[in-house]
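Visitor: Before I ask anything, let me first share the structure, which is written out below as structure tokens.
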Amino acid sequence: MERLTITHQSSNQLVLLCPGLQFLEVTAFFGVYLSLIVYLQDVLHGDSASNVSTVSSWAGVCYLMPVLGAAIADSYWGKYKTTLVSLSISVLGMAMLTTSATLPSLRPPPCAHNGHCPPATPTQSLLFFSGIYLCGIGIGASKAVFISFAAEQFDDDASERGAGSKSKASYFSWYYAVANMGMLTAGTLLVWVQDKVSWGLGYGICASLVAAAVVSLAATAPVYRMLPPAGSPLKGVLQVLVAFSRKVKLTVPRDAGELYEGEDVKNPSLHSPARERLQHTDQFRCLDRAAIVTAEDLEDGDHRPWTLCTVTQVEELKTLLRLVPIWLTSAVYFVANTQAQTTFVQQGTKTDSRITIGAVSISIPAASLTSIQTVCAAAFVALYNRAVAPAAPFKPLQLMGLGHATAGIAVAMAACTEARRLRIAMEGESAAAAAMGIAWLLPQYVVMAVSDASLSVGQLEFFYDQAPATMRGASTAFYFLSLSLGNLINSQLVTLVASVTAAGGRTGWFPPELDDGHLDYYFLLVVAVAVVNFAVFIALVRNYTPKRVR
């Protein structure tokens with residue numbers, strides 16, 4: 001495909017255009033995500049355990065899709081086509097979701113005065129869940145791909161003159177700003193429309209935002225630089241494994257200098273980054289067999305990458321093997337982090353939503369509490385960049401450690417708050433006691449904001465720095481994958497806890513009526529998981545060997 005040269009003037013336009021499209025996508029996605037558990041509870045009349053499990057499963061699928069989207073973009077379609085097709089799929093899902101929420105025949109009737117809430121019929125459930133999963137699959141597949149696609153829009157030649165690098169830095173600043181702006185818009189305006197006006201109108205606005213993104217992306221196609229697929233970054237990993245399997249019976253030489261390292265280890269693709277020369281390490285020495293030069297290799301003048309790999313290729317695989325355990329602790333971390341979008345919101349629905357400041361009383365929907373976390377996270381990052389980083393910057397792993405520690409603290413605060421709420425609810429059954437105010441939940445959201453910002457920034461920086469140069473473009477996908485796995489783990493954990501605690505006819509921790517359960521006990525369980533995960537993270541960091549470039 002012909003390469004389009006981006007001038008300095010047009011790159012400035014793209015700095016505004018690309019984040020603008022991402023604002024539409026982020027706002028629509030969180031417009032569905034942040035209020036999903038409330039819709040399941042109030043409209044579809046699901047029980048608390050299944051609602052948490054459903055939201056976690058859906059979010060897990062959404063954050064798993066960036067990996068599939070990146071693989072399709074790198075190997076087959078390219079980033080532009082993958083983004084356009086993915087967002088088009090999400091428009092279809094949004095339309096189904098809007099239809100389900102708008103037409104009375106496609107949703108259960110309201111609860112009766114006697115407290116009976118009729119469940120959704122199979123047809124109603126099929127339409128709704130088909131809609132949200134098509135929406136999640138489409139937006140999820142486009143997330144990491146479009147971030148990389150937008151970064152490609154700045155001409156390499158201009159970068160050498162300084163204009164391209166400034167434009168690219170400006171783009172990433174805009175992206176962070178509009179991502180938070182999108183989450184804030186969804187957590188305030190869209191959630192308010194859904195809660196106070198109409199679910200159908202709220203979801204209709206989300207559908208319109210994604211449709212506008214698709215139309216804008218298609219209409220501005222001539223402006224973009226279109227690069228052909230560069231091939232999957234996992235190809236080098238597979239080459240090492242295949243070469244290793246063919247030479248598994250060979251003895252690894254003691255002198256690493258006998259292993260093969262070609263004179264030019266750059267990626268032959270014109271637009272791919274040069275592969276760094278990595279120093280040999282003794283860890284995972286069995287993999288060095290892939291770089292042993294045999295007589296058969298010498299007979300063929302051409303280098304065959306599926307039978308003989310360079311030391312750098314082998315070290316890239318070793319680096320990934322060192323990163324995987326740390327990445328897994330990030331995935332477990334999101335078991336605690338995802339409580340802010342699920343069980344914390346459930347807490348909020350059982351509180352007095354009014355916050356009184358002087359003579360002014362403000363009603364805050366429970367799902368809007370996540371906007372507090374968004375604002376605090378942005379404020380924390382800004383404060384860190386301006387005040388802390390210039391004087392004593394944290395290393396990426398230290399930021400990640402701060403994120404792990406504060407996540408456990410936030411959920412522990414939620415456990416204490418929930419125990420107090422349950423006590424007030426029990427007193428209210430025998431006296432005219434007022435429900436606990438929603439403001440009591442604000443501290444746990446503020447602490448979780450610090451946790452989320454610390455771990456997210458630290459993880460993205462750490463994996464970008466330590467990942468092989470040819471895989472840096474997929475580092476964003478790894479972040480979303482950890483989100484996905486964390487949500488899926490939380491979904492299974494909730495299902496297991498609900499089943500075990502309700503065995504033998506007991507009420508359990510997740511009954512249909514939250515006041516009859518023990519959400520505080522579940523919070524304590526999550527705290528225990530977070531503490532153990534933090535201890536494992538510390539042990540891994542102490543024994544981690546960083547990547548060393550020649």
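The backbone N, Cα and C atoms fix where each Cβ goes, and this holds for glycine too.
Automatic, uncurated: that is what TrEMBL annotation is.
Values in this document were obtained by computation on a predicted structure and should not be read as measured data.
Annotation comment: TrEMBL describes 21-40, 52-72, 84-106, 126-151, 172-193, 199-224, 357-384, 396-416, 478-501, 521-541 as transmembrane segment.
Any idea what these are sitting next to in the structure?
Guide: Here the transmembrane segment (84-106) has Cβ contacts under 8 Å with residues 25, 28, 32, 39, 43, 69, 77, 123-124, 127-128, 130-142, 145, 198-200, 202-204, 206-207, 210-211, 213-214, 217-218 of the same chain, all six or more residues outside its ends.
Only residues 6 or more beyond the boundaries of the transmembrane segment (199-224), in the same chain, are considered here, and those with a CB under 8 A from a CB of the stretch are 4, 10, 13-14, 17, 20-21, 24-25, 27-28, 31-32, 35, 39, 43, 80, 83-84, 87-88, 90-91, 94-95, 97-98, 101-102, 139, 149, 153, 190-191, 193.
When Cβ-Cβ distances below 8 Å are used as the criterion, the transmembrane segment (357-384) is approached by residues 34-35, 37-38, 176, 180, 183-184, 187-188, 191-192, 194-196, 340-341, 344-349, 351, 394, 438, 441-442, 445-446, 448-450, 452-454, 457 of the same chain, each at least six residues removed from its ends.
Tertiary proximity for the transmembrane segment (396-416) is limited to same-chain residues at least six positions away from its ends with a CB under 8 Å from its CB atoms, namely 326, 329-330, 333, 336-337, 339-340, 343-344, 347, 441, 443-445, 447-448, 450-459, 461-462, 465, 520, 523-524, 526-527, 530-531, 533-534, 537-538, 541, 544.
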Visitor: Which listed stretch (21-40, 126-151, 478-501) has the most C-beta pairs under 8 A with the transmembrane segment (521-541)?
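Guide: Going through each listed stretch, the top one turns out to be 478-501.
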Visitor: Where, among 21-40, 52-72, 478-501, do we find the most CB pairs under 8 A to the transmembrane segment (126-151)?
Guide: 52-72
